[in-house]
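Trainee: Dropping the structure in here first, questions after.
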């Protein structure tokens, strides 16, 4: 690319040109095209719609930044972005929704607290039992005692919990929220996602890279199953809405302006993340991370604590996903556990990252916004194309189309996302804006 | 006595059924892992594809089985296995082989297989819709009730026709695979390549052939697993990620690269699932009178509700990764 | 074949071979000629490219310049399985058996391209390496280092090669086994198989060599008969430890 800028003066020879910074043609062209696309959407769909799209794209950009540091910086593949996003959304809901007096005004919080205390006590007992061998109990007997004790105590605690949660559900609906500002929920959501990421990473990061993908895929489905079925905590399929915004809502400022204010918050968050990541990437820490990714063996030979660094980066990525998930949840003003889908919240983010340029923050943000625009626009397009195919089929050979055409048309988007992933991996494995590797020495 | 029958129906039979299906799926995953060294995330959708082929063929020729007295779906199974095998080889040629030729890390192949899984999902649902459908199009699902010759056993042991077929087919598939891997020249070459790919090549083994054979076997087995699952319940196109976790857990429990370990792992995970969702209160009921009065048993003594079934394979997976990442059985780590 | 095979065509000929891994050249012009039924030995200091040259001959390495001929036919950059078809056998230094396969299965894999020969060749290999007979149903991964080396050589012999490549066959073996392996190499050669081996035990290896190639920095430093190299004071001083 560095040759593509033609010098204006034909007699100019780049003899004393410093090789320091090339002119970022590719970046400018791509972001120019992106701007044009955004303007086109504004012109076609109106300001309110388009601003909503931009806010959502910005939230996705935070998710994508989380994935790009995991995959691009460190080569860790997280196949369960959805789970961390859902955790963020849950925390945003839990902290911002008004306090439910039907729950807090009764003896139920005490009951719930009692059961949770039982749980803690049971954990201590089991951990204690697993240390019995220090008192001279033979190893096998200790294991047997520990397992049996764990099973019985688990059954006791879980049946108590079921009782309490059923009572909460029948008497109070659900526990409600804490009535705090949404940003508290975002921060806690990031922390919670980071905590879950720590546990998963702790188990998997020393093992084959595939295992992390399997485990994250699993934890995402489990988080979703938990949120979906814990009606006492999340209202489950009944969903919770509205979620209060930290900024003035549409009722006060109108749709476009309120969304624009929200957008400015997300933009500030992205800018801060971007700046910090940029600093970290070029700091010794970032170099170490990349050294581990590119050559694990020699990095280990130089005495780097590989697993610790890996865990740091994985947790950091998960925190960003939780944060982004929280902002997305608040913006949608709806907490619907069933709305978290691997396609929308894992694979879409994956496409953003690998298409934009894994390891390149600017490329990732470009990928996030560009892919999100395509994604949003593809829905009406898919329906339109399907209608066209149906009318053609009916007209040409009397094809009797099935009646659930709309849901099938949306399946075509699954196909396209899958195709994009495989094609990008094969033909543009470094993405549209590849990570710039600077060689030292 | 009735409680025991209840236990047999809900744990022994149900566990064997799930275990067989997981085992057949896990064999495919573990074979692919041992030859190509990556976790094949599209395996569950290959299973779905196989079952969908059976569904299509059965809908096209609904009466094909009646003349010989077996469900049409089973008559169509060999054809569906063939089609799935062709699909698997084709997918490898189109998507995985170019990536391998670039010498990418295994994890990139994993991402590639996720892309493939989405494509398969999209394609299947585009044609099948998203609802469930029975593979028994024209046939009737026979249900056998075996009354126990004991006094007080009123409830019979219930086993369905597809479950009987499932046990037979699983047994045949496992024995056939055993004979193939240990007696045939190609099967031994496959084990050799799984042991040491460079040396296999140095011995004149054409590794491309072995890769293709692996896909044929994995595809055929995936079609069997998917069809048996759909026969037992119904054909559902959206099981993908819910099947993937138990199958991977089974493969890892058995030690990745071990076909026999995968079989054992499949049954471990299958029984763990049924045992975890079983309501143990049922078994304690006969002793209710002899229990001390202060002990009030809750009516639901299941470890997890059925809606949390997916926690079980995940828990097994994490436990095995923490304590024995090489699997329960002695063997190589790939 | 374009050229008629004459008795003067060498079994293996390498002309000015360059090559290496990932853009870095390790071989900078190696020449080698080995006639049918000869023992060739490659010796030299660490990092001289000895094993790399052997891998280049067996098609495991990208040859960027020069050529390698087997019986007068160019073979460089053919994949290993094609070379096995043409009568080449290769015994790597490490990971030279299939650990979970039994000894018998390991040997069978050697004759993968000639399944009709399995029975006859098994008998021959067992005759060469009698200790393998009673271990034949044991997984090769459970054998001792020397026995593994026997399995590895036996596996390569199963394809009835005309040229056998051995990469440090005695590395890590006790002196007892070392002598045994050298004896076997001589016997295999006596049965009509050309041998090209890389060896750290240069003196012992050159003693049985028809041709010796002393490599340094990826080039031939000395090339002569084994006996002549052993007698050469320069070679002795710089490469054979005085």
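Here the Cβ of each residue, glycine as well, is placed from N, Cα and C on the backbone.
Nobody curates TrEMBL annotations by hand; they come from automatic prediction.
These numbers come from a predicted model, not from an experiment.
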Trainee: Taking A:207-234, A:347-374 as the choices, which stretch does TrEMBL tie to transmembrane segment?
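Mentor: The range carrying the transmembrane segment annotation in TrEMBL is A:347-374.
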Trainee: TrEMBL tags one of A:4-21, A:112-129 as transmembrane segment - which one?
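Mentor: In TrEMBL, residues A:112-129 carry the label transmembrane segment.
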Trainee: With TrEMBL as the source, identify the stretch among A:28-48, A:238-258 annotated transmembrane segment.
Mentor: A:28-48
Trainee: Cβ under 8 Å to the transmembrane segment (A:260-281), counting only same-chain residues 6 or more beyond its ends: which ones?
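Mentor: Contacts of the transmembrane segment (A:260-281) (Cβ under 8 Å, skipping residues fewer than 6 from its ends): 51, 54-55, 58-59, 61-62, 65, 69, 73, 245-248, 253, 320, 323, 327, 331, 361, 365.
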Trainee: Any chance you could find the range in A:112-129, A:141-160, A:180-199, A:347-374 with the most Cβ pairs under 8 Å to the transmembrane segment (A:54-74)?
Mentor: A:347-374
Trainee: If you count Cβ pairs under 8 Å, which stretch among A:28-48, A:81-100, A:112-129, A:347-374 touches the transmembrane segment (A:313-335) the most?
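Mentor: Comparing A:28-48, A:81-100, A:112-129, A:347-374: A:81-100 has the most Cβ pairs near the transmembrane segment (A:313-335).
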Trainee: Among A:28-48, A:81-100, A:141-160, A:347-374, which stretch has the most Cβ pairs under 8 Å to the transmembrane segment (A:112-129)?
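Mentor: Comparing A:28-48, A:81-100, A:141-160, A:347-374 against the transmembrane segment (A:112-129), the winner is A:141-160.
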Trainee: Need a quick answer: max count of Cβ pairs under 8 Å to the transmembrane segment (A:180-199), which of A:28-48, A:81-100, A:141-160, A:347-374 is it?
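Mentor: Looking only at A:28-48, A:81-100, A:141-160, A:347-374, the most contacts with the transmembrane segment (A:180-199) come from A:81-100.
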